[in-house]
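Visitor: Questions regarding the structure given below will be posed in turn.
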Amino acid sequence: DITPFRAEEKKYKSKFPPPDLSQVLDVWALDEDLRDKTLLGPTWSAGGNDLSVPVRPIELRTSDEPVTRSRRGYCVDSHPGLVIIPSCLSPEEQRSLIRSSLENQARAPNETNLDTHYIIPEEGIWNVHVVNREIRELDSCPKITPRAQVQPGSGFRASAEFEPPEPPATSSKRTLIENASGEVALANPSSSPLPQPAPSSSLFAVTPYQLLPKLRWANIGRSYHWGSKAYDLSKELAPFPKDVKDVCTRVVKEVPWDNVWTSEGLEQAPPEEWGTEGPEWNSWPETYEPDAGIVNFYQSKDTLMGHVDRSEVSSTTPLVSISLGNASIFLIGDTTRDTKPLAVILRSGDVVIMSGPRCRRAYHGVPRILEGTLPPHLSSTESEDDWEPFAEYMANTRININVRQVFPRGYDLSQLQSSSS
């Protein structure tokens, strides 16, 4: 028997027939300012407005003039701590974050999934692609060299204990393993770098154009080791991108957390679930400080299997997730796969916040990218002369910027590291 979570994943992955979206929560359909903009293109109908899902609107603390983005978010009381903010980012902000994700985040010093298998130029795969995108003759275009051809056995070693990252070939399913909680994973931090998987020895040199669709993720901030599902504290902390930090801190400050965590005078999570110090949501506008993140680059056939994010010591602080490009189906369940998850449509510019003791430990995933749903403001090249390569790439892409706070503000990391020596 498959679990209820797995059953929903299979339903929304179905190609023939395509999934019915009538039972998918579409908060745009609830919003009086957005409900006339729910069209998802010629292939997909808009999601449903199932009143059996307990959704509460909350007014954001924003004073933008003129109004270029949503001032309203939605809480789902069946998932305490879940906040969905439709159209949270203006079209200009969306373009800016797409641009920086490709130009600035998918390059050194940040790690990407391509680095294990290829020697990527320091300027990054996107910038090399843009410079050479007009060169259509394969023999004339510079090639990206497989790492194994140049550095056989040089510092890259496989280990049975670690899961290799997603191969850069044709696989579209992202396999995930269970990981220990942040406190457990960091109980014995190492001053030595965590072992890296061996580069593939069967790859050939390819052009930037050929390799770009295989870009799947880029680490930002603290280095996340995909094999062990833990943060590699031996590596130097990369500067966290200011534009991403500004958006995330702004959103956390704008959410009225007292309305999120109390409904009709009732606490949405018992104090004992928060740990020894009790609920801390009232301090988040001042103490929230993102220091790690992953920029995910989904192609139209990609999926993300249901998983739990538990590598952070800050286990209840907001995880902020920004959607850009094509729309997707997002599933969020409970702390086991035995609960049927809620399905939500996420469009470009939407922001999801997972916070609190249960929501931050809830299984979630992305079983479907809704192809052909790129909004006009991202496909048009009229407003920016150099937007054409971005529009071309985003036609089949969804970018998700997933941001976390690994350590509470003031956490004594040096003491943690010295205790293991």
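Note: Cβ is positioned from N, Cα and C throughout, glycine not excepted.
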Visitor: Looking at the candidate ranges 146-173, 258-285, report the one that TrEMBL labels region 'Disordered'.
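Guide: Here TrEMBL associates region 'Disordered' with the stretch 146-173.
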Visitor: Here are the binding-site residues: His307, His364. Which has the lowest count of other Cβ atoms within 10 Å?
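Guide: Among the binding-site residues His307, His364, the lowest count of other Cβ atoms within 10 Å belongs to His307.
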Visitor: Using all protein chains in view, find how many other C-beta atoms are within 10 Å of the C-beta of Asp309 (Fe cation binding site).
Guide: 20
Visitor: Count up the helix, strand and coil residues in the domain 'Fe2OG dioxygenase' (289-407) according to DSSP, in that order.
Guide: 15 helix, 48 strand, 56 coil
